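Taking it in order: structure first as structure tokens, then the write-up.
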Amino acid sequence: VACSQEEKLWDAMKITAYVLGTGLLIFTALVNSLSWYVQNVWDTSGHFWQTTWLKFYYLCEGKEWTIFLLGAALVPSLAFWCFNGILMVADVTGKPTFITRYRIQLGKNDPVDTKKLRQAIYTVLCNQFFISLPMLVPMFYIMKWWGNTFSKELPTFQWFLVELSVFTLIEEILFYYTHRLVHLPLLYKHIHKKHHEWTAPIGVVSIYAHPVEHMLSNTLPVMTGPMVMGSHIVSISAWFSLALLTTSISHCGYHLPFLPSPEFHDFHHLKFNQCYGVLGVLDYLHGTDRVFRQTKAYKRHRVLLSLTPLSESIPEAPRRAE
């Protein structure tokens with residue numbers, strides 16, 4: 001039996017590597033074939049961005065730690081809190097009603113418990129200041145070792161897209177497996193249960209977690225890609241900001257028009273044992289999205305391209321009378 005389980009695990013790992021590797025190659029090929037047009041547009045504004053970067057570089061007098069701190073900590077944090085600040089207004093006040101119409105779990109957090117929200121904000125701030133910020137110190141020295149991070153020349157747009165695909169692949173793998181790890185009964189009880197106090201999550205809860213989980217599952221998967229690639233600080237800043245905004249959307253509790261669908265991760269908070277990943281590729285390979293695929297939430301798991309909430313156009317089936 002043990003041998004059979006090992007063979008199944010090994011087969012799953014081989015399939016995972018094959019699918020993700022093939023996906024990365026296809027994605028890179030598409031980037032190379034489609035990005036030429038975007039690059040032309042980028043080139044027209046390239047001088048502006050290059051000049052702006054040099055002005056910022058000299059304003060900081062070339063002090064690498066200052067530049068790194070501003071780019072890797074301040075800019076992503078501002079993006080996180082500005083976006084979540086808007087969401088928290090809707091969570092607490094129910095206004096604007098335009099946003100609250102798109103609530104996924106109807107009747108939940110309507111309005112949000114302010115005492116519970118304050119506790120979440122406190123934990124998030126502690127995680128940012130006492131976990132994320134100290135983790136930037138070893139990252140800084142790794143980036144200095146690479147020697148490219150503080151270059152006066154910005155990376156090309158094509159190279160940034162390649163980096164972005166690698167960052168996303170690494171994050172998907174690391175987050176999925178560390179996330180499943182903290183769902184083991186012992187680790188769940190003492191670590192991950194804190195994050196799942198919110199069965200109907202809101203945006204700021206994206207980094208409401210035990211310090212160990214925040215380090216292992218939230219921060220490390222996002223930091224690893226730039227450290228592997230030796231990325232420029234501008235790429236790091238853009239990636240960190242994008243990662244924080246994406247996870248905030250995944251947790252926000254609203255399926256808003258023209259934004260990525262949060263149905264996948266919202267279902268994880270609702271059911272606990274489904275939808276562990278970010279993209280859903282590894283969940284498909286490991287079968288940890290089977291229940292999700294049988295629900296109306298799966299049908300709603302797409303970008304909303306109209307102003308009609310998907311909870312109205314694809315409503316839950318009415319419960320049978322007992």
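In case you wondered, yes, glycine gets a Cβ from its N, Cα and C as well.
So that you can see what the record holds, here are the features copied from TrEMBL:
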type	residues	note
DOMAIN	166-288	domain 'Fatty acid hydroxylase'
TRANSMEM	15-38	transmembrane segment
TRANSMEM	65-90	transmembrane segment
TRANSMEM	120-142	transmembrane segment
TRANSMEM	157-177	transmembrane segment
Other parts of the chain folded back onto the transmembrane segment (65-90), taken as Cβ under 8 Å at six or more residues beyond its ends: 56-57, 96, 99-100, 112, 117, 128, 132-133, 136, 139-140, 143, 149-150, 202-204, 233-234, 236-237, 240-241, 243-245, 248, 252, 254
Secondary structure content of the domain 'Fatty acid hydroxylase' (166-288), with strand meaning DSSP E or B: 86 helix, 1 strand, 36 coil
